[in-house]
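**Q** Pasting in a structure now, in structure tokens, and then I'll have a few things to ask.
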Protein chains: 2
Amino acid sequence: MSVTAAQGFVAAGIAAGLKESGALDMALVQNLGPLRSAAAVFTSNRCTANPIIWSRQAIVDGSIEAIVLNSGGANCYTGAFGFQTTHQTAEQVGARLGVSSGDVLVCSTGLIGTGDQSFRDRLLAGVDIAAPALTADGGPNAARAIMTTDSHPKQAAVTSPSGWVIGGMAKGAGMLAPGLATMLVVITTDADVSSAQLDTALRSATRVTFDRLDSDGCMSTNDQVTIMASGASGVVPDSAEFEAAVTSICADLAQQLQGDAEGASHDITIETIRAATEDEAVDVGRAVSRSNLFKAAVFGNDPNWGRVLAAVGTTEAQFDPFDIDVTINGVRVCSSGQPDQPSESIDLTPRAVHVLIDLKVGASTATILTNDLTHDYVHENSAYAT
Amino acid sequence: MSVTAAQGFVAAGIAAGLKESGALDMALVQNLGPLRSAAAVFTSNRCTANPIIWSRQAIVDGSIEAIVLNSGGANCYTGAFGFQTTHQTAEQVGARLGVSSGDVLVCSTGLIGTGDQSFRDRLLAGVDIAAPALTADGGPNAARAIMTTDSHPKQAAVTSPSGWVIGGMAKGAGMLAPGLATMLVVITTDADVSSAQLDTALRSATRVTFDRLDSDGCMSTNDQVTIMASGASGVVPDSAEFEAAVTSICADLAQQLQGDAEGASHDITIETIRAATEDEAVDVGRAVSRSNLFKAAVFGNDPNWGRVLAAVGTTEAQFDPFDIDVTINGVRVCSSGQPDQPSESIDLTPRAVHVLIDLKVGASTATILTNDLTHDYVHENSAYAT
């Protein structure tokens, strides 16, 4: 159930002093091989953190030996000094593990603009603590070390009957909106797969999982989803089974991120059906997922379906505005441009909320995961930096 | 300072029983002429309320005798019955004022899905009360009657040295985001202008005022901005002066809407300068205005400039991500891709917040008005329907 579930991986989670609380704040994961295949997807935000700039280059050859991740500072918009900090961090990992710094990925998360000399010193000293702490059961500590406002670590694993394993860890909580990747995620497998196969599987998986998690509409500057294969099982997987397993891990972690999003009291699943195209189904779901008014209504246990339609109407998807059905938790509250069943019968007190939008024009479907807009969200995000 | 500031207009605001509180909830404004020139802009939301469908047709010939507005129910997604209600309301106004129903605009605001027989009965009975109550000093009551969650009425007027007057009223509070119009607004003038001139002036004004007010990112189904000219002053205005005055009235009302947005504790002005095009400047400002994270930070008096950049980075505007300056309340907190002045020196306790984003690529500028994301916003919108 962790990044060390698969054979050939060791990990550590240690306290580098980046978090004032003294909690774990640095994770290191090493691939012991025999393969070093890897692939990664990155935030599509054009304002990117230094670790993203570094890692985008390091992944190009498809070979990665280790990944180091820190919470407690994003090292984003910290200038040339911040980039050197990322570079030196990779160098430090390379030196301690006896690998090339060009085969080391770096991820950072925390406050943008954080990355001064003290931050660098702690990062480098942290690597010296983490490297000798690497163990085959270090996954859970690593998962804990990448948490920011997460209330608990997120991990998942799938074991194939064919003898290979995929494990993963994720952190999310805030700035959860897609741009390919949407959070820090590390997935490991002992299957014998090439970096090209990993890339195909990862992009296919993130497209329908992390890319469809839109908790608060805000896209991060630091997000990265990485997958690494050691090949240690010696098993070449069936590619369809492998892709399905990667998607399953990503879906599991995405749901865990949704379930622990900052301040959320409801997990809202927005399913758009019978759209003309999948992209249009995504657009419709995403528009609803970004309606503060609808999300605040759900927080208040109010099935305010008018706010769903008001959001759908802002899209350019094909539909007849007066022939859309909206169903909330199984109760069709709107059909044919008017109220249908009374919304009073909907019980929104459970955490899970299901919104079904039937566009009635085509055969495409997409599901977006989001959360409600709560007092706790406002509180956490008004008090985060200070 | 109201829709009756200009000669040739009478108005009334009465209680039709649509609001449970018994507060004023219906406004009627009549143009006594001699001209009946009019123009209107409507929400671009594709899911539109019945009054929008009606009014879009009624305005086509550029001649309007009266406008009736109600709060206490949006008459949106209420089916064919709801459309008949709007039609009957216009007929009732026409009968009481001795004009054609096709020259009567209708506006409604309130909860989507509200528009049953009782709603219709109250609307029609309300018209019977409002018509005989029309007076030349009825503007302030009319402004009060269109309020929903507004805490106070919004009115404005401009008097030209040439002898003509423009007055207006607006209601806003929630679902404040553009799509041409973004709220209910009625503007009246006694200048001698054609409907074509009104249309030109109104579109030019709303483009840089109401269209750039984006309080909560949610676009309404019911918004309409109407301008009517009586010509009663007998003065043909200079067209440039007239357009400037209409823009001034719209800017004034837009600022009043921003200042009374639901739950807001800060009015945030986002000024994007040196963009390649005006559209790109608008895109950048709007992206920041829709960042819940930045808006929650402002609520917490935290000048979290990293969240500004994270939002700017989601746009496709031309800029170098590492050569953007961000200045908050006069303090340049980010330049050349790194922290500049310490943000601790910024005092965000006053209500007015100014964010200046310098893209350094062109000569275009745009300003977006928004608000912070507060506990009161969440509270009001989680409890509105119930």
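Glycine too: its Cβ is placed from the backbone N, Cα and C atoms.
Here's the feature list from TrEMBL:
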ACT_SITE  A:Thr182  active site, nucleophile
BINDING   A:Thr148, A:Lys171, A:Thr182, A:Glu262, A:Asn381, A:Thr386  substrate binding site
**Q** Which of the binding-site residues A:Thr148, A:Lys171, A:Glu262, A:Asn381 have a Cβ lying under 8 Å from any Cβ of chain B?
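**A** Sorted by position along the sequence, the hits are A:Asn381.
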**Q** Please name the residue among the binding-site residues A:Thr148, A:Asn381 whose C-beta has the most neighbouring C-beta atoms within 10 angstroms.
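**A** Going through A:Thr148, A:Asn381 one by one, the largest Cβ count within 10 Å is at A:Asn381.
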**Q** Tell me the coarse DSSP state (helix, strand, coil) of A:Lys171 (substrate binding site).
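**A** A:Lys171 (substrate binding site) sits in a strand per DSSP.
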**Q** Neighbour count, 10 Å Cβ-Cβ cut-off, for A:Lys171 (substrate binding site): what number do you get?
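**A** Excluding its own Cβ, the number within 10 Å is 27.
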**Q** Near the Cβ of A:Glu262 (substrate binding site), how many other Cβ atoms are there if near means within 10 Å?
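**A** The Cβ of A:Glu262 (substrate binding site) has 26 Cβ neighbours within 10 Å.
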**Q** Can you tell me the three-state DSSP label for A:Asn381 (substrate binding site)?
**A** helix
